[in-house]
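Novice: Take this structure, written in structure tokens, and hold onto it; I'll ask about it next.
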């Protein structure tokens, strides 16, 4: 029975890539800087001491980081016995965003340039805004700028509740984000507005990767909270991913846990499971792994590393999240059967010690574990698509156009 379990620790980079200068990210290192802060006692909020990731270390994380950066992460064990295969991978795609990283993992790098709304104020074209107001029958809109998602709620949340005007904002990513109150505006109405925005962006040729619904609750600035009902409306990948090939060519199954289905615009997904928060995502993943049959991929995105801690530049939170994940990792490993493979990876970096709030251009870890996987270094990989090609070979689908089999 062949099954693959892919766990994306969203934003868990392990050191800047050779082309990081194009992005202003030279020296970024998500794992390294978290470990450094922990070793110095600067991340003792809600946790304590050096970064403690014994299970990820056994799978080769510290070795992969050393391969990427040339140094052992502060306070971590560079001499631990390694029971998995490990690599550090460079991104071929032109961006450092979520869809590019995930599509490339599935064998389809993004070699075109996304469209962006680069103006920090009055970010969106008036023609687009006018169409949204008219089609969705809106009383107007708020925002129309670059912002952090939590900051903009404190600034405009109360006015949104009073006026019913949705909050439109963007970032350095190729995104159009819409924040609305779940109760006063309504979740269904927000989703409908996002569908309209997706249509207008596509028809207008803006080439924007995602429209993101950002629902929130609360009654005043300071206590607004985003809920787990986020929804991403992505464009479809430009070519069949290994997920699609498994389903189409092998009548296989692909189970999405978390936001995976949204990222691939539901292409190649046969079952969707929603969960919010690290523990809930972990629990849902374990359940799906236990139920998975032959020719199945269970694919989970652990978004909190990025959304709650990376973008928020919360080093202690990120460290605590990693330690929680590591504590629970044996539960996953126990479910890996004789012919199965477990792949732990990331989609980009988001160094919580870095300036600004955006992603960072970094190598990602590729940690592969299974009874038939030979432990040791798989070295530097030139593209995340090596993961997709490895899966294509493993499941016996037609080969991907990019990437090399690692096993």
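The backbone N, Cα and C atoms fix where each Cβ goes, and this holds for glycine too.
Here Swiss-Prot flags 10, 347, 348 as Mn(2+) 1 binding site, drawing on sequence analysis. The Mn(2+) 2 binding site annotation in Swiss-Prot covers 306, 311, 359.
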Novice: Taking every protein chain in this structure into account, which of the binding-site residues 10, 306, 347 has the most other Cβ atoms within 10 Å of its Cβ?
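Specialist: When each Cβ's neighbours within 10 Å are tallied, 347 tops the list.
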Novice: Quick check: which same-chain residues outside 306, 311, 359 lie with their CB within 8 A of the centre of the Mn(2+) 2 site CB atoms?
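Specialist: Going along the sequence, the neighbours appear as 10, 11, 307, 310, 348, 350, 357, 358.
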Novice: Out of 306, 311, 359, which of these binding-site residues is nearest residue 348 (Mn(2+) 1 binding site) by C-alpha distance?
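Specialist: Comparing Cα positions, the candidate nearest residue 348 (Mn(2+) 1 binding site) turns out to be 359.
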Novice: Using DSSP reduced to three states, classify residue 359 (Mn(2+) 2 binding site) as helix, strand or coil.
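Specialist: The three-state answer is coil.
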Novice: Return the residues near residue 311 (Mn(2+) 2 binding site), defined as same-chain residues 6+ apart in sequence whose C-beta is under 8 angstroms from its C-beta, sorted by sequence, else 'none'.
Specialist: 148, 149, 350, 357, 358
Novice: Which chain neighbours of the Mn(2+) 1 site, leaving out 10, 347, 348, have a Cβ atom within 8 Å of the mean position of the site's Cβ atoms?
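Specialist: Near the Mn(2+) 1 site, beyond 10, 347, 348, sit 8, 11, 12, 98, 101, 102, 306, 346, 349, 350, 359, 364.
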Novice: How would DSSP class residue 306 (Mn(2+) 2 binding site) in three states?
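Specialist: Residue 306 (Mn(2+) 2 binding site) sits in a helix per DSSP.
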Novice: Give me the long-range Cβ neighbours of residue 359 (Mn(2+) 2 binding site): same chain, 6+ apart, Cβ under 8 Å, in sequence order.
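Specialist: Correct list: 11, 96, 97, 172, 173, 306, 310, 348, 349, 350.
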